[in-house]
Amino acid sequence: MKIAVIGQSLFGQEVYKELRKDGHTIVGVFTIPDKDGKADPLATEAEKDGVPVFKFPRWRVKGQAIPEVVDQYARTGAELNVLPFCSQFIPMEVINRPKHGSIIYHPSLLPRHRGASAINWTLIHGDQKGGFTVFWADDGLDTGPILLQRECHVDPDDTVNTIYKRFLFPEGVKGTVEAVKLIAEGKAPRITQPAEGATYECIQKKDNAKIDWNQTAEALHNWIRGNDKVPGAWAEVDGQKVTFYGSSLLDNGAAATGQPLEIPGASRPAVVTKSGLVLFGNDGKSLLVRNLQFEDGKMISAAQYFSSGSSAAVELTEEEGRFAEQMRAVWQSILSNVSRIEDATDFFKAGAASMDVVRLVEEVKLRASSCQLQNEDVYMNTTFRDFIQMCVRKLRGEDGEEELVVHYVEKDINNMSVKMPHQLFINGEFVDAEGGKTYKSINPTDGLPICEVSLAQISDVDKAVAAAKEAFEEGEWGKMNPRDRGRLIYRLADLMEEHQEELATIEAMDSGAVYTLALKTHVGMSIQTFRYFAGWCDKIQGSTIPINQARPNRNLTFTKKEPIGVCAIVIPWNYPLMMLAWKTAACLAAGNTVVLKPAQVTPLTALKFAELAARAGLPKGVVNILPGSGALVGQRLSDHPDVRKLGFTGSTEIGKQIMKSCAVSNVKKVSLELGGKSPLIIFSDCDMDKAVRMGMSSVFFNKGENCIAAGRLFVEETIHDQFVKKVVEEVKKMKIGDPLDRSTDHGPQNHKAHLDKLVEYCQTGVKEGATLVCGGRQVQRAGFFFEPTVFTDVRDHMFIAREESFGPVMIISKFKSGEVDQVLRRANDTEYGLASGVFTRDISKALYVSEKLNAGTVFINTYNKTDVAAPFGGFKQSGFGKDLGQEALNEYLKTKAVTIEY
């Protein structure tokens, strides 16, 4: 058809583009004149395509059509007028001229909410159902016959902007184009609008948007959100007109704490809190407003009402100065009508519109991915000077959005000053545990306390889970664009890298890890893990599936990968930060929120991580850290009905208990990485030096506190004695000592109870008749040190052959030459199946052995070579589920199948 598009805005632009894609000929675009030298987006798009564009300032004078205007329109020969969004009055001579007449898009379910402010009144009236109508134009005000309607649910905290973006814009474009298709096919209905239920409301303007305080909290909330952003609900506060934005109803279980603010006419004083401005209805219930705007156009966070003018300007570094000049050029390109961008240039007074705000936010992301702006940031910093100051503060992590308060324990150690948080981290804040309960975190190097750490109680778990649930269901994290989520996670990795020496020092103090290993592996791999999963955020996707039930109608089935919700993570003490990273990075990348319980004996890097997560800009409630006991905190997380997934790394015994609790409570999804007794088979044709070096690493890496440690070495008898001799020679060279000493090879075991178990473990081996070649004793010095130990002549039935030591104990058994299948049976004769290894120069033998070994990971001619891209997890009683790699994402996603018949 030949179509005239009459209207304006991005909505009109999108309708125009889709109509052209459908093969219609656009014979003319009729839109508004340029404003401040800038054409409307619809005009810009049409001019680019060479379509005639008309910019009449008016169509009528004193109620009469302007003949010259009507004549220009008539010459286009349009067969249908489409009015996607039009602010001008179009005369009936134009409306009725085309063969098919004219259709209009209206953002309400007619006959309800006729008039120009339909979306506003949908919200003001608290409608639970909204939508749009495409109708045939007549000489009334939105009274013509209905052609098509679509409806949507209205969320309790929807604003004009959110419902427009979520439904009215995207679905409205589709609906308008569908209406044109129905007309072209001769199938378009004309349904007379019913008289029942018809309403007409006035245009919402600033002068009639004043708040009437004599209403319930819900009515106040609806009035504020119904006028958000245009025209803006306002009230007199401290003698000036203040406009309120970002309203949400509050759960009235807790009293608001903060500074009171008198508002004339309100039933009681408002309260300025850390979250915003709490207002009260005449029913005693409350609502929260997040942003305020003053008469001069300045917008602030409501939480900053009493301190909005107190922040001093920051002095820019050389790099920040370059960023500022880049942004000055961006402003110049947007505000093309302004000759030069000065520090005092006001973005909106210079002619910027809402679409320019979106562009500016995206331009910032392109130049500084760690500066995560929201549209509101631009509205609250309208001059170029304020805008740059705000961006720089965000880049520095000093944006002042509720300053993060951290009560550090500080220590001068390892040639640096280490600052350690020691409280629980719940909903973006460091807080004391219920009742102020604490415990001592012990340094295994000297056995002395590092600091007092808050000890979480059941009520703390419930608070953390509630915060995580709210962040997932109601907060910005759950609604965030996946790419923006990835940028935040990448920013977190950058901050971890900036603090890597501090993190490694804390790890060495708290867990006994040798500093150089902590820097490279504990911290280094953690950073790599977050960066890896940051890249996955915008690549999580489903698939389309052909289905059999396809006749006589057509069908389409597709799957969606969706986040699970609140996830609990419980980690062990051997790699405190790395185990956090392996699970948390995938969990966050999938879009979930997390409540994490670090091991009670090693909480400090997890709490430092919480601080960095907050400084990286992760929203409140997304990450929560609860040091505490497994019996209390871990059990409550397993039982909690709002936790939908639990990831656990630890012992098989505790894993079974967790699995049972998760099943009984709410059948929550579980992944378990449990105990191991990993076999390493060394054949006589191996590279001996490499086998010795890697064999020692397989056992003594990280003091043997390694879930995939080779729990038993099978060495071919022809090289057994030589292998043992070389190992003992190397063990004697190992330096045992302070993990912060760069020359130390072997640090202390993690805690006293574990040290005592290692002593008992070795004593059992001796009693059973195994040969203790070296070690087997506690080192006589302060701290929890244990000698690297080697046992030979270990028989299959012995306790030390079957049970994990989780320490620096090498268990060596012989096997006869040529008995490949026999040694494989012995290697697999265990209830564990986490990892395994083989050393041989015969690639065929290596592949055969790798195929037969019943373990989740098999190393060939290497060991401990884990990578962020390779899946990691065990078989049998070593658990199920995967960390790392693409497969880890599936542990934190659910698959939804959608089938459509059309």
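Positions of Cβ are set from backbone N, Cα and C atoms, glycine also.
What TrEMBL lists as active site, proton donor is H106 (among others). Counting only same-chain residues six or more apart in sequence, the Cβ atoms lying under 8 angstroms from the Cβ of H106 (active site, proton donor) belong to R114, A118, F132, T133, V134, F135, D142.
TrEMBL lists E673 with the feature active site, proton acceptor.
Its Cβ taken as reference, E673 (active site, proton acceptor) is surrounded by 28 other Cβ atoms within 10 Å in the chains shown. Sequence annotations record features per position, and here TrEMBL assigns active site to E673.
For C707 (among others), the entry in TrEMBL reads active site, proton donor. Around the Cβ of C707 (active site, proton donor), the same chain contributes P572, N574, T649, E673, G675, G676, L834, each under 8 angstroms and 6 or more positions distant in sequence.
Annotated (6R)-10-formyltetrahydrofolate binding site per TrEMBL: Q88, F89, I90, D142, in sequence order.
As annotated by TrEMBL, domain 'Carrier' applies to 318-395.
Cβ-based neighbour count (10 Å, all protein chains) for D142 ((6R)-10-formyltetrahydrofolate binding site) stands at 21. The site 'Essential for catalytic activity' annotation in TrEMBL covers D142.
Those same-chain residues not listed among Q88, F89, I90, D142 yet with C-beta within 8 angstroms of the centroid of the (6R)-10-formyltetrahydrofolate site C-beta atoms are L83, C86, S87.
Helix, strand and coil residue tallies for the domain 'Carrier' (318-395), in that order: 48 helix, 2 strand, 28 coil [DSSP]. Cβ neighbour count within 10 Å across all protein chains ranks I90 highest among the binding-site residues F89, I90. In this entry, (6R)-10-formyltetrahydrofolate is bound by Q88, F89, I90, D142, whose most widely separated C-alpha atoms sit 14 angstrom apart.
Across all of the domain 'Carrier' (318-395), the predicted model scores a mean pLDDT of 87.
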